[in-house]
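Asker: I have a structure I would like to understand better, so I am pasting it below and will then ask my questions one at a time.
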Amino acid sequence: MMERRRMDVALLVLFLVQLTTALEVPLDLLEGLPQPPTITHQSPKDYIIDPRENIIIHCEAKGKPHPSFSWTRNGTHFDIDEDPNVTMKPHSGTMVVDISRAKAEHYESVYQCTSRNKHGTAVSNNIVVQQSRSPLWSKEKLKAMVVQEGVSMVLPCRPPAGLPPPIIFWMDNNFQKLPQSSRVSQSLNGDLYFSNVLREDSRNDYICYARFPYTQTIQQKQPISVKVLNMDAINDTMAAFYNETDLFSEEPADERKPTFLIPSGPSSSKMVLRGQVLEMECIAEGLPTPEVSWIKVSGDLPAKRTFFLHYQKTLRIVNVSESDAGDYRCTARNRLGSVHHTIKVNVKAAPYWISGAPRNLVLAPGESGVLTCRASGTPKPLVTWAMNGIPIENSPKDLSRKVEDDTIIFTDVQTGSSAVFQCNVSNDYGYLLSNAFVNVLSETPRVLTPSNKVYQVIKNHPALIDCASFGSPIPKITWFKDSRASTLDGDPYIVHDNGTLEIHVAQARNSGKYTCVARNTLGNYENHVYLEVKEPTRILKQPEYKVVQRGRSVVFECKVKHDPSLIPTMTWLKDDGELPDDERLIVDSDSLAISDVTENDAGVYTCIMNTTLDHDSASAELTVVERPDPPTDLELTDQKKRSVQLTWTPGDEHNSPIQKFLIQFEDSLHHRGHWHNLTEVPGSKTTAHLKLSPYMHYTFRVLALNAVNLSRPSFPSRMFKTEPAAPDENPTGVQGLGTEHDNLVISWKPLTGLQSNGPGLHYRVMWRQKLVDSDWTTVTVANNSKFVVSGTPTFVPYELRVQAVNEQGAAAEPQTAIGFSGEDLPVAAPENVQAMLLNSTLAKVHWEPVPARSIRGHLKGYRVYYWRDRSLHKHNPHHAEKQILTFSGNHTHGMLPGLHPFSLYSFNVRLYNGKGEGPPSPTQQFETPEGVPGPPTSLLVTNPNLDSLTLEWSPPHDRNGHITGYTLKYQPVNDSNELGPLEELALPANETSVTVFSLKYSTRYKFYLNAITVSGAGPAISQEAVTIMDEAVASRQVDIATQGWFIGLMCAIALLILILLIICFIQRNKGGKYPVKEKEDAHTDPEFQPMKDDDCTFGEYSDNEDHKPLKGSRTPSNGTVKRDDSDDSLVDYGDGGDGQFNEDGSFIGQYSGKSASRETAEGHESSEAPSPINAMNSLNSFV
């Protein structure tokens, strides 16, 4: 039965909660409404005061009408008027105690404030007032502590009890904090623990200080003196008293495994309250110093709330919850062993709200509601209720009110039943006290949101439009937009319980006027607001990462797009801070420029575009680079005869990694002041093993290279001298050549100073004739790189050697080179020279090689000299220009290309060596066969007629044989340059002209003429011509033009144009322009060209129309009309009205339909208005 009753109550409470969900309205915004008191500010429950200042106990409340205040002290009424030292602030319950005439401890009590008006009574917490205390340290005489090295030690602090407890720290006489470590650390109670002591722990100023926060006073304990002795010192000290008998061994304290100083025993327990800070410590002694670690036996440590202090010796867990209860194990470990201690943690909880404190309840007469006081704690707290400060069981009975444990249920409330209810939740560890009023009102709806308020939101962001309302009963909110066609309910709109309208993703179409209507049974209220959806702010071009060399300039671009109705503000930051105040930094509307960049300018630059609604930002890093600083500290080590180790210290790389080091040397013995590259090493190395040459005075320097440039050279190293030695190598490039036919010049590349290896460098030159059993001839040469041997036979091979020698000895045996004595001109010509014709333009020449003894030098090749004597045709002149073809190497044949057909050629062959050419072979001749002829020299068209044309030509210049005839081909060409069928005529060789008949009148033809030999037809020459027009067709066109009606029409048009031109000139003289736009629109004839509005001239025609006569009225040049269906005439291709011909009647017009002269005339056409006469002439050109 009891369970069912509880279930019914729970369902009723759930139902009533649904009815009272809109009670978050701030009632203090409404004027004139009755309201029970509400405590707005009060002093803390545990109120510690400074005894040197007046005591102020706060108590503020609101209500309508404004409430009055009273106080209790230790549970009884406190009459403030009776105490001259106590006053209460006007319109407030705050109590002020003047301690200038009284002691603060006289007012240490428990106080409670009561605030009441006619609608109810509210009470404050119990405020326990205590004054802060900072008692003095008790006087004590501390003895010096003498300890053996290696043992553990504890220096006690034991500060006086204060309120609140003091903060403890250890310092020396100079107010410097004593160093702490895993060996020496301070415990939670303030004592100083030493896991083991060392000799350096000896001092006489270990001082414990206590700082009391309320009074801001610091007190110190008497200094503690500590002296740490080893065994020898203890024996020496005690020998005088004990007849020099050793009391202690000579060894210090033995190494030992850890043991705990605190806490003691294998386990302990600790209680902590929920929400507070849990601190546990384990301090161990041992030698070596133990390390401490922590685990939670029954689970994991809360990572985000766990902290390790005092070198892992203290475990701190903040904001403790019930889940933190359990066993925690600390372990101290060194190399000799370990020790454990388990701490059992129990978590208790003072009362705390589960779903918040009870909320004020506003009900209309006849409504129902609930007050809920839901809290938890460990142990479970007790809930009690009071009404207007009186226990509810002692309050007047009310049938509309029912108390169910932590809930009061109100049903069918009536006017006048307003009251303030107090909920008190308590257990052994504290209490919660909360006031909540029930206000019974009957009010029409009101909307608290200001009318005509404008909401601005960024596109694609949520939009929240408020409609804060108040009324009793609770009003229902309805939203409309613009025309109020329908209520706003459903996608994309969400109406929240508090009346707020939400648009989850606002778009431009959501902008407009919104109306919220608040209704209850007593009336309704409308409010209008506006929503503006703005375009988002976006950075279109973000600043980019920059790497800049010091001293140069850099520009960060930040181009932004934003809503034009919003005022933007561009801000630049450097490393999330303000830009430095430096004139080198120039901020523009969309960029940041930095000139003369320094290393201090490096960092992250952020551009932020802010508007009143949103912002966007982008960042980029600036890296300032510079060539590296030169290396320093050059040092030579591992010195040997021909090597040394060089080390150095790199300089600052200036944000650009060093890629390599370049090592240079100066030889002050041979090239003082000149530095040479020796070797390179990667940028990751700072040493180099240098191989050296003998007989040099080395000084080294190092340069660093990064992506910017080489550094300046380092300071030179000290000098390192190498001893002289015999040369390591002989000269290279040894060769023997003769400059004359009877000498041999031996030359070589001399050794450098680095290669000489010692003083007195000279060369031992040796030679002998090859293939002859002879001895070496040797000479010594100094300060030279060649030697001339005279009196040698012509072009004989020699074996050559050159050896380097200095004062220390000679180099190794040199290699043997082969050289030749001087050359002479060849003495023989090639024999059996023959020519073989391959075709009319190509011949092949053969010869036998010259014997080696006759060459007298290095064979370079053969040269063929050939020339054209004459053409075999009787009309061609003689030719004598020689041509030369060179065939390098030992060839026996060669090709002669590019010969002229039907010609006589002569040729001979010569050998050449390094000295020059030998005698020519006997000259021989050959004839080339006939080839195809060249094109005829000229082709002219004469005597054009209606159906025939005469062609005249000249024979080819290059006949290349006997002309056997000509071929003439021709075909018509129409207006679009398309070619018609091709006709062909064969002509005899003795003809130079021909008349072609059966052609069409007024037709263009293209002719092709080529010559023929026995080898075939040669290339053609082409020409074009036009037959003349038929006179009958031309006369018919004249007849049309001479008709009377046609002449009259032309005269009328001319008169009309004359009148228009006169009017135009009059308008122009007045400064105006003649409007002819209406006349342009009126004409529909596409071939009628209107006048221009601006200068009264006729408009230009297109390229295809402006120089052609009107259709149906073409007039030939001779005034005749031809009987044919073709509309083409010579006028279409010439420069003017007449076709132009050469003296022989050939046509010279172009086929493009547009001559150069006409283009020139059109390109310089005047824009001035023509005279009436010119206008008439222009008209005649159309007709």
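Using the three backbone atoms N, Cα and C, a Cβ is placed for every residue, glycine included.
Found this in TrEMBL, in case it helps:
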type: COMPBIAS; residues: 1076-1095; note: compositional bias 'Basic and acidic residues'
type: COMPBIAS; residues: 1156-1167; note: compositional bias 'Basic and acidic residues'
type: COMPBIAS; residues: 1174-1183; note: compositional bias 'Polar residues'
type: DOMAIN; residues: 37-124; note: domain 'Ig-like'
type: DOMAIN; residues: 135-225; note: domain 'Ig-like'
type: DOMAIN; residues: 258-346; note: domain 'Ig-like'
type: DOMAIN; residues: 351-439; note: domain 'Ig-like'
type: DOMAIN; residues: 445-532; note: domain 'Ig-like'
type: DOMAIN; residues: 536-623; note: domain 'Ig-like'
type: DOMAIN; residues: 630-725; note: domain 'Fibronectin type-III'
type: DOMAIN; residues: 727-824; note: domain 'Fibronectin type-III'
type: DOMAIN; residues: 829-931; note: domain 'Fibronectin type-III'
type: DOMAIN; residues: 935-1031; note: domain 'Fibronectin type-III'
type: REGION; residues: 1076-1183; note: region 'Disordered'
type: SIGNAL; residues: 1-22; note: signal peptide
type: TRANSMEM; residues: 1045-1066; note: transmembrane segment
Asker: For the domain 'Ig-like' (37-124) and the domain 'Ig-like' (351-439), does the number of C-beta pairs under 8 Å, pairs 6 or more apart in sequence, reach 3 or more?
Answerer: yes
Asker: How many of the residues that make up the domain 'Ig-like' (135-225) does DSSP mark as helix, as strand and as coil?
Answerer: 3 helix, 36 strand, 52 coil
Asker: Over the domain 'Fibronectin type-III' (630-725), what is the model's average pLDDT?
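Answerer: The average pLDDT of the model in the domain 'Fibronectin type-III' (630-725) works out to 93.
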Asker: So, by DSSP, how many helix, strand and coil residues make up the domain 'Fibronectin type-III' (935-1031)?
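Answerer: Each residue of the domain 'Fibronectin type-III' (935-1031) counted once, the result is 1 helix, 52 strand, 44 coil.
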Asker: In the domain 'Ig-like' (351-439), how many residues does DSSP put in helix, strand and coil?
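Answerer: DSSP composition of the domain 'Ig-like' (351-439): 3 helix, 49 strand, 37 coil.
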Asker: Give me the DSSP three-state residue breakdown of the domain 'Fibronectin type-III' (727-824), ordered helix, strand, coil.
Answerer: 4 helix, 47 strand, 47 coil
